[in-house]
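Participant: Sharing the record's features from TrEMBL:
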type: COILED; residues: 137-171; note: coiled coil
type: COILED; residues: 203-244; note: coiled coil
């Protein structure tokens, strides 16, 4: 559209220059016609005055120096030709002006039509782009809702894992304390009996289970961190899409509502 507007602007500039030249020519021809008309009016009054002279007129007298032909005097033929040339030139300028006005009207009409069609194409492109932005923003918002749900689930999972670790550590403390107290059994009573084997087996199982829970906790915390980073990225992308929509729909499209129509472009009428 920018290229089209530049082309139209250049065309209108050239037309304005041509119109300015034509106006200047019209003014020159107008001045010539007015001068010729003024001379003829003055001559008419002189001849009319001459017709009124009589032998008994009080304002007649001798003018011997006037009894001659002026060197710069015209002939009836040159006089008629001069008037004819003025009228002919005026008619030519008038015709040129009519043709120029017709050309200008056509240019304005064609330019207005081109701009209207281009405007419709750009508006359609804006509408399509806004729909694409709306769809992308909606998809991002849906994804964000799922991420927020995953974050809540992961946070709850971390809370449960920490509780499970505390519970298992409490059981491990009990087993350790039992083994510690049993290590003080005197003499022959310090026996590798079944409770001893059971306690040692319980400690080993609890230790393995706690290590697995702690690894799971680390994985969940890292996953939560990743989810939070994804959430921030999504919120940023949604904000960018919302800003793009605001610019295209609220700003650009609101300006284009005031786009000049054919009658406004041709307002000189």
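Using the three backbone atoms N, Cα and C, a Cβ is placed for every residue, glycine included.
I'd like to know what surrounds each of these features in this structure.
Facilitator: Away from its own ends, the coiled coil (137-171) comes close to residues 202, 206, 209-210, 213-214, 216-217, 220-221, 223-224, 227-228, 230-231, 234-235, 237-238, 241-242, 245 of its chain (Cβ-Cβ under 8 Å, at least six residues beyond either end).
Long-range contacts of the coiled coil (203-244) within its own chain (CB-CB distance under 8 A, at least 6 residues past either end) are made by residues 133, 136-137, 140-141, 143-144, 147-148, 150-151, 154-155, 157-158, 161-162, 164-165, 168-169, 171-172, 175-176, 179.
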